[in-house]
Amino acid sequence: MKSISMLTLAASVAFAVTAGQAVAAGDPAAGEKVFNKCKACHQVGETAKNAVAPELNGIDGRKSASAEGYNYSEPFKALGITWDEAQFKEFIKNPKAKVPGTKMIFPGLSSENDQANVWAYLSQFGADGKKK
């Protein structure tokens with residue numbers, strides 16, 4: 001009986017880890033839909049340009065406050081990070097908590113699925129705006 005309980009526990013842990021990895025991977029198509037909330041200010045793709053907010057092409061591996069020609073807030077200039085999935089998720093969950101004084105008015109994405117999906121969508125775009 002004890003071996004059955006251990007087997008059940010091991011299977012539960014394996015399932016939880018697998019489920020967590022599925023969330024972490026993100027779905028670019030779902031992320032594109034969530035990104036519609038961001039399009040009022042941000043752009044991606046071959047014709048993207050800075051507008052109310054910086055364009056987000058090539059965000060994966062890009063230094064913060066580095067979109068050429070965009071006038072970032074002083075707190076954002078001082079952030080000094082390189083964007084990766086973990087940094088993006090921490091920021092987009094609550095932008096004003098991560099960067100007090102940011103000009104970004106968006107309140108954030110509380111859903112970890114939405115965060116992962118938007119990252120999966122954005123990270124498809126290279127610095128030239130073409131999908132990788």
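Just so it is clear, glycine is given a Cβ too, placed from its N, Cα and C backbone atoms.
Packing around Cys38 (heme c binding site) is summarised by its Cβ count: 18 other Cβ atoms lie within 10 angstroms of its Cβ, all protein chains included. The heme c binding site annotation in Swiss-Prot covers Cys38, Cys41, His42, Met104 and is backed by similarity to another entry.
Residues or ranges marked as domain 'Cytochrome c' by Swiss-Prot on the basis of sequence analysis: 26-126. Taken together, the residues in the domain 'Cytochrome c' (26-126) have a mean pLDDT of 97 on the 0 to 100 scale.
For 1-24, the entry in Swiss-Prot reads signal peptide.
Its own atom aside, the Cβ of Cys41 (heme c binding site) has 14 Cβ atoms within 10 angstroms in the protein chains shown.
Put simply, the two farthest-apart Cα atoms among Cys38, Cys41, His42, Met104, the recorded binders of heme c, are 11 Å from each other. Counted within 10 Å of its Cβ, the other Cβ atoms near His42 (heme c binding site) come to 21, all protein chains included.
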